[in-house]
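A.B. asks: Pasting the feature list from TrEMBL:
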| type | residues | note |
| --- | --- | --- |
| DOMAIN | A:3-421 | domain 'DUF112' |
| TRANSMEM | A:44-64 | transmembrane segment |
| TRANSMEM | A:92-115 | transmembrane segment |
| TRANSMEM | A:121-145 | transmembrane segment |
| TRANSMEM | A:152-170 | transmembrane segment |
| TRANSMEM | A:190-211 | transmembrane segment |
| TRANSMEM | A:312-331 | transmembrane segment |
| TRANSMEM | A:343-367 | transmembrane segment |
| TRANSMEM | A:373-389 | transmembrane segment |
| TRANSMEM | A:396-429 | transmembrane segment |
């Protein structure tokens with residue numbers, strides 16, 4: 001019966017993740033009331049399976065219609081959508097599915113075997129370390145700038161500017177809101193990404209001189225063969241390694257992991273120039289990283305009771321509803337629930353593979369309809385999904401604005417990835433920088449005295465210098 | 001990219017950095033504020049943006065111009081963006097399903113579909129989306145002031 005809940009939860013999660021407007025946490029929250037009358041184990045398994053399915057479902061629409069479902073799946077859209085555009089959508093979905101499974105199972109193994117030591121790592125993260133982690137995330141800009149570091153910096157600057165809109169995280173002063181109440185919270189990164197990726201893509205496509213020309217496309221799901229699996233092994237290993245470390249740090253989530261894994265796979269590839277143009281490794285690395293994070297993000301929740309993401313917070317709600325308090329005592333008081341959760345996550349990952357095999361071919365068929373109707377359907381899906389997030393037409397207008405911005409940036413040759421990273425990491429960077437200085441009484445030495453922060457900052461400096469040196473060598 | 005486009009981008013970055021820095025400097029400092037203040041980090045970002053803009057302008061002025069690429073149809077792009085903007089304005093008036101249906105039909109027609117198919121497609125699309133978002137997910141979309149709703 002519990003396995004059935006894992007399949008049902010995973011199916012709902014995949015559908016929810018693939019639908020704009022339903023984030024993984026919302027998909028989970030919608031099911032939370034149904035778990036009230038259930039036994040604790042199936043209830044937790046149901047919620048955890050929705051979580052696994054939704055994190056994967058976000059990648060389907062990122063690949064097929066360049067609309068990332070989660071912040072992390074923006075990294076998967078880069079090469080995944082390029083592959084789909086080249087008529088290799090079935091291959092991209094197959095790679096994403098298998099890499100997601102590899103990442104999910106690896107993350108589960110880490111969760112089962114190493115929760116205790118990893119929990120200690122999570123505790124070592126001070127505000128200074130979080131600041132350094134954000135700097136490390138931003139350091140990949142040097143290699144994701146697409147040939148022009150200057151334009152990459154302009155993109156990153158724009159993203160950081162967008163992240164400062166709203167209420168100041170320390171003093172509560174409204175900033176850059178132009179007296180608009182809707183901007184007092186902040187601009188959600190997902191709105192920026194849907195605009196920059198999906199809406200801008202449609203504006204670009206309809207403006208192309210060969211817009212109406214039919215393209216031969218792949219309409220069947222293609223799972224990677226043995227030789228492709230061997231080729232993807234390094235990228236998946238990179239994703240698994242980075243995802244393990246990033247997943248256990250509350251708040252960091254899959255975004256940094258996915259982008260860093262993408263960058264690292266590109267850096268270590270024999271053909272780095274193929275990235276961004278439909279490289280299978282560009283799908284495998286971030287997908288594996290994202291799915292590892294799905295499991296390892298539960299480490300701080302289970303061992304310390306700290307929900308590291310919105311989805312983990314809903315899962316925490318599920319535990320509390322059944323009178324269970326996550327934390328060190330959970331393993332002693334309710335081992336059945338903990339092991340039930342592990343078993344449910346395993347079943348959810350297998351369900352993800354089986355359900356993927358069933359639903360991905362129809363999804364490919366759907367995106368191969370005549371272009372005018374496909375364009376209209378995707379636009380309608382976007383405007384409906386964006387409205388559904390906060391029931392705000394202002395948000396729909398914002399997404400259109402970011403779409404136009406993305407279109408102009410493409411014309412100007414400014415890469416959008418640094419912008420996305422700036423938006424996603426800007427708040428984390430500023431709030432932790434200022435909190436650290438408040439704690440240290442304004443002394444910047446806190447960033448080198450904290451061992452975790454110092455290590456991460458040194459890694460960021462090394463990564464930036466390495467990327468710049470590689471770019472320089474490639475050009476000369 | 002052409003030299004003119006890079007110069008324009010650099011100048012835009014400089015102007016944006018200037019405006020953003022001016023707004024950041026004018027931010028009120030709260031009693032709760034820290035040593036950096038609400039404008040501290042934005043001023044650093046403005047510095048980064050201005051430096052990148054200045055370097056880009058300098059480089060564009062010194063480097064030989066590149067070859068021009070195929071020009072996209074900006075009018076079609078503007079038309080599509082205009083249709084979405086019209087939808088945003090029309091939803092409070094017409095309500096969700098009619099406005100969405102009109103958007104679907106208009107975009108399909110604008111993108112090249114002809115005959116009665118765009119209308120049938122749009123009616124079906126509006127129905128499916130209404131069922132999915134309003135009935136199943138229970139999201140309160142605007143009913144439309146023309147029909148007595150909000």
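Any Cβ shown, glycine's included, is placed from N, Cα and C.
If you look at the structure here, what lies around each of the features I listed?
C.D. replies: Residues 2, 5-20, 22-24, 27-28, 31-32, 34-35, 38, 70, 72-74, 76-77, 80-81, 83-84, 89, 92-93, 96-97, 100, 104, 197, 254, 283, 287, 290-291, 294, 298, 311, 314-315, 318-319, 322, 337, 340-341, 343-345, 347-349, 351-352, 355-356, 360, 363-364, 367 of the same chain lie 6+ residues outside the transmembrane segment (A:44-64) yet bring a C-beta within less than 8 angstroms of a C-beta in it.
Residues 151-153, 155-156, 245, 248-252, 255-256, 259-260, 262-263, 266-267, 299-300, 303-304, 306, 308, 415, 417-418, 421-422, 424-425, 428-429, 431-433, 435-436, 439-440, 446-447, 450, 452-457, 459-461, 463-464, 467-468, 470-471 of the same chain lie 6+ residues outside the transmembrane segment (A:121-145) yet bring a C-beta within less than 8 angstroms of a C-beta in it.
Taking Cβ pairs closer than 8 Å, the transmembrane segment (A:152-170) reaches residues 138, 141-142, 144-146, 176-177, 183-187, 192, 409, 414-427, 429-431, 434-435, 438 in its own chain, all 6 or more past its ends.
Residues 2-3, 5-7, 9-11, 14, 18, 41, 44-46, 48-49, 52-53, 56, 60, 64-65, 84, 89-90, 93-94, 97-98, 100-101, 104-105, 108, 111, 217-221, 295, 374 of the same chain lie 6+ residues outside the transmembrane segment (A:343-367) yet bring a C-beta within less than 8 angstroms of a C-beta in it.
A Cβ distance under 8 Å defines the sequence-distant neighbours of the transmembrane segment (A:396-429), meaning residues of its chain 6+ beyond its ends; these are 71, 74, 78, 130-131, 133-135, 137-138, 140-141, 144-146, 148, 151-164, 169, 186-187, 189, 191-200, 202-204, 207, 251-252, 255-256, 259, 382-383, 386-387.
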A.B. asks: What else in the chain is close to the transmembrane segment (A:373-389), if you only count residues 6 or more beyond its ends and a Cβ gap under 8 Å?
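C.D. replies: Contacts with the transmembrane segment (A:373-389): 19-23, 65, 67, 188, 190-191, 194, 198-199, 202, 205-206, 367, 395-396, 399.
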A.B. asks: Which residues of the same chain, at least 6 past either end of the transmembrane segment (A:92-115), have a Cβ under 8 Å from a Cβ in it?
C.D. replies: 52, 56, 59-60, 63-64, 76, 79-80, 83-84, 221-224, 228-229, 232, 235-236, 239-240, 243-244, 247, 278, 280, 283-285, 287-296, 298-299, 302-303, 342, 345-346, 348-349, 352-353, 356-357, 360, 363-364
